[in-house]
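According to TrEMBL, the feature domain 'Ku C-terminal' maps to 6-120. Sequence annotations record features per position, and here TrEMBL assigns region 'Disordered' to 105-146. Under the heading compositional bias 'Basic and acidic residues', TrEMBL lists 114-132. The compositional bias 'Acidic residues' annotation in TrEMBL covers 133-146.
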Amino acid sequence: MVGTVTPVEDYLALVNRKDVDKFDEASKQMQKRIQQIVTDSFGAQFYPKAIDCLKTLRNQCIKKMEAKSFNIYMRQFKDTLIQKGRRDFWDEIVTENLSLITKLESEESDVSVEEGKKFTEDEEEDKPKTEETPADDDAEDMLENM
């Protein structure tokens, strides 16, 4: 089972078992664990652990030719993060360049390099711009006139 104390080690132990194929089960557990770590994090407290988990999951999905399942998860996870007000964790994902797995990384993937870049860049464009609004100008004018 992928626990909260050492999730990366737990996941790798399950994935690397020779006697049975536990990849799908272990990956589902890891996905839930990542989400739980982010949700339970007070601010960014546990984000480094969640990023390590996500990197490990991504690398194993490339290694095991499971790019599609990772990409499906990432699309859902992105939506969940934004809906639950965890855009700051999404920003960490973007900073770490943990985008979708592209065709360049895995022949099993159906995501082009451009699509992979766009997946993380879209959010940069969606962020509210800190442009001055006319109301800001009015407030500044009022302060100057005092």
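The backbone N, Cα and C atoms fix where each Cβ goes, and this holds for glycine too.
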Secondary structure content, the domain 'Ku C-terminal' (6-120) (per DSSP, counts of residues)
78 helix, 0 strand, 37 coil
State the mean pLDDT for the domain 'Ku C-terminal' (6-120).
95
